[in-house]
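> Attaching a single structure in structure tokens format; questions to follow.
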Amino acid sequence: MMSGVMLLMLAIFLIIAFTLMYLAIYFEFDETTFTKRLQVMTEYVKRTNADEPTPDVIGYVSDIMQNTYIVTWFNTVDLSTYHESVHDDRIEIFDFLNQKFQPVDRIVHDRVRANDENPNEFILSGDKADVTMKCPAYFNFDYAQLKCVPVPPCDNKSAGLYPMDERLLDTLVLNQHLDKDYSTNAHLYHPTFYLRCFANGAHAVEECPDNYTFDAETGQCKVNELCENRPDGYILSYFPSNLLVNQFMQCVNGRHVVGECPANKIFDRNLMSCVEAHPCAFNGAGHTYITADIGDTQYFKCLNNNESQLITCINRIRNSDNQYECSGDSRCIDLPNGTGQHVFKHVDDDISYNSGQLVCDNFEVISDIECDQSNVFENALFMDKFRLNMQFPTEVFDGTACVPATADNVNFLRSTFAIENIPNHYGIDMQTSMLGTTEMVKQLVSKDLSLNNDAIFAQWLLYARDKDAIGLNPFTGEPIDCFGDNLYDVFDARRANICNDSGTSVLKTLNFGDGEFLNVLSSTLTGKDEDYRQFCAISYENGQKIVENEHFQRRILTNILQSDVCADLYTTLYQKYTTLNSKYTTTPLQYNHTLVKRPKNIEIYGANTRLKNATIPKNAATIPPVFNPFENQPNNRQNDSILPLFNPFQTTDAVWYSEPGGDDDHWVVAPPTAPPPPPEPEPEPEPEPEPEPELPSPLILDNKDLFYSCHYSVPFFKLTSCHAENDVIIDALNELRNNVKVDADCELAKDLSHVLNAYAYVGNGIGCRSAYDGDAIVVKKEAVPSHVYANLNTQSNDGVKYNRWLHVKNGQYMACPEELYDNNEFKCNIESDKLYYLDNLQEDSIV
């Protein structure tokens, strides 16, 4: 008994296990799927196995649902599913042979194209040859939509009224596109429906009024015959819109004709008879009528029973109450009969383009397309200060619609256009110094992401200096000599023109030589600086580098001369802090040229100088004569001649020598050399000895550094760094810097003391300047500020920092060379052996 139960349970278990295994295998892998994948792999192998081995995984399109399709990837070893993914055929297409997805644009471009010879056809590129496909009748292929679309009803038709045939009724009234032959009834038209085509290709289906039939030959609605079976003289209650106030319609010989009342009578449409009265007498205010002596666009409107007003319209129509009224749009008045299209065109000095289109029908506006003409460069600022003086639109009209404006659909009338710079602190107008080229605009609107807009702007500029001109006419691009009362080029500031008040002729041409520069704030355009040698001149030939070189610095190492600020300051300091050994008194304030190099053009004669070593000692027993005629003279042994004591033709070296505390300036003359010995045999060449190091300069004041801050080729500021090569002066500088005197109102600007003659406007009408007053370095409040600035942080009126040696932080002001300035600690690491002096070349020279 137990054995039978066990056998039954075992049988049930086996049946369940077999069923589960079967279902698992069935759902996991059915025979149909196996067959499909086997066919897919077989097809793939046949077409590709000659080129490459069978891959481990193959994908194929397994399901399609409208635009969505599924790509199934399976293992080629056992045909089991590897992966599935969902895709959109509007975005990408699966390439079976290459086992890759390709963008739709590329597929369409490669596989589908329109047939230029027949708009009803399109061409498919097959694997072996092209295949021409046809759209249904009255359909054309639209490549943009990649499908066949109905031919517009007004295709190739001018504006006007057209009869409705069977095909038009099917498509426009019944809204059905049937693929059938309409040639059998091609001559039949609907009696009252007609097609109105507009100038822009649009259409409308309209119907004639009651008692009217559309005449296909004339293209107008004509009234039906109203006098059929009516006697002659029968007056009709039919009043066409062009019927005058004294006219009526009557029947004659079975046809309706216009009848007319006797003179001085009107036809009363209420009484249906001619009466002798004013047209307004029976109808009152608001009644309208027309007479033979007014125009086609005019009518009379009754003000009361005996007065009327003449109304002039753009277009006269009659409303549903049989009263005249005005209609139409004034914009259509220039079109013939108020019907047609007008393409608007924008033209200025630089470009021209179509900006829109107006379509009218019977003086009514059907379509008014206005493209977006807002300037794409309206808010564009190049290099933070330049604007294009050109109105380049956002959109243009291409004949059918507004499209984005490009270099291809905008016509350039000139090769150059004006460039404007935003207002600046110095009032510099650069529109005559450079012009933009049309290639710049083409590059800017092409949306080339490989270059930024500033780089494109700088690359396509035309400079006045390129044409060897002081300026270019912003409107014609031709060289000019005047543009207002003066003309200069900030990119080539070697010259300038001063013109008459009308700006028509040159009064004076300035060529700036050594010691002169262009001062844009001066009426004379000339500034003076003895050290300046056109150091700010731009040497670049690359146009892009020229405009990018807005702010730069020139450094020049030169000598301290007796006439410059270094000599004045250091001489004063030296004489103040130097004392005589015997009396410990301050040396007299006398400048004697002992501190600096002798100017090149000052001659020193031997009779007025004494050698330091020739000074007579106080304890000398005897005083030797300056010149002893009996002293043994050197002679020339070769010719037994006596050499002169002074030979003006003798070659000698002289050193201009000076020493602190000396009595005067001295020439130290090298003693005459003996005659050269007889030539000896040339010795063997020896290695060249190393050059001896240069001896240090014997001068206390030797070198100075000049730093010019340039705005393009115009110098704005000059920083002089005076080298101190004497311990007395170095100690004096340190003492002065440790004992700076500051006015109370200039406490915020106390750090101007690092650089003499530095100026800062601290607001509230207070201007502070650093100076050396002969006793101490002071930061003093000026009685009247030299300059007042709107922006205290930049010390300018346009928010641009021009003075690179003046620093502002948290309301405090400091003058310091850039390389010595510590912005984090607001500190100037000033050098103990240098004195700095700042010149504002543009502003201070005109104060």
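Every residue, even glycine, has its Cβ placed from backbone N, Cα and C.
Annotations per Swiss-Prot:
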ZN_FING   148-197  zinc finger
CARBOHYD  Asn156  N-linked glycosylation site
DISULFID  Cys208-Cys221  disulfide bond
CARBOHYD  Asn211  N-linked glycosylation site
DISULFID  Cys261-Cys274  disulfide bond
CARBOHYD  Asn306  N-linked glycosylation site
CARBOHYD  Asn337  N-linked glycosylation site
CARBOHYD  Asn500  N-linked glycosylation site
CARBOHYD  Asn592  N-linked glycosylation site
CARBOHYD  Asn613  N-linked glycosylation site
CARBOHYD  Asn639  N-linked glycosylation site
REGION    665-698  region 'Disordered'
> Tell me, by DSSP, whether Cys221 (disulfide bond) is helix, strand or coil?
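Assignment for Cys221 (disulfide bond) reads strand.
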> Far apart in sequence but close in space: which same-chain residues, 6 or more away, have a Cβ under 8 Å from Cys261 (disulfide bond)?
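Non-local contacts for Cys261 (disulfide bond): Asn246, Gln247, Phe248, Phe267, Cys274.
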> Cα-Cα, whole number of Å: Asn500 (N-linked glycosylation site) versus Asn156 (N-linked glycosylation site)?
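Cα-Cα, rounded: 64 Å.
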> Which whole-number mean pLDDT does the model give the zinc finger (148-197)?
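Overall, the zinc finger (148-197) comes to a mean pLDDT of 89.
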> Might you list, by sequence position, any residue in that chain lying six or more from Asn306 (N-linked glycosylation site) with a Cβ less than 8 Å away from its Cβ?
His278, Cys280, Ala281
> Please work out the helix, strand and coil residue numbers for the zinc finger (148-197) from the DSSP assignment.
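Helix (H, G, I), strand (E, B), coil: 8 helix, 12 strand, 30 coil.
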> Could you tell me the C-alpha distance between Asn156 (N-linked glycosylation site) and Cys221 (disulfide bond) in angstrom, no decimals?
23
> Can you tell me whether DSSP puts Asn211 (N-linked glycosylation site) in helix, strand or coil?
coil
> Using Cβ atoms only, which residues of the same chain lie under 8 Å from Cys208 (disulfide bond) while being at least 6 residues apart in sequence?
Thr192, Tyr194, Phe214, Cys221
> Around the C-beta of Cys274 (disulfide bond), how many further C-beta atoms are within 10 angstroms, looking at every protein chain?
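If we count other Cβ atoms within 10 Å of Cys274 (disulfide bond), we arrive at 18.
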> Between the Cα atoms of Asn337 (N-linked glycosylation site) and Asn211 (N-linked glycosylation site), find the distance and write it as a whole number of Å.
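Computed Cα spacing between Asn337 (N-linked glycosylation site) and Asn211 (N-linked glycosylation site) is 25 Å.
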> Using DSSP with the three-state reduction, classify Asn337 (N-linked glycosylation site) as helix, strand or coil.
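Looking at the DSSP assignment, Asn337 (N-linked glycosylation site) belongs to a helix.
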> Using a 10 Å cut-off, grab the number of neighbouring Cβ atoms around the Cβ of Asn337 (N-linked glycosylation site), all chains included.
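Taking all protein chains shown, Asn337 (N-linked glycosylation site) has 12 Cβ neighbours within 10 Å.
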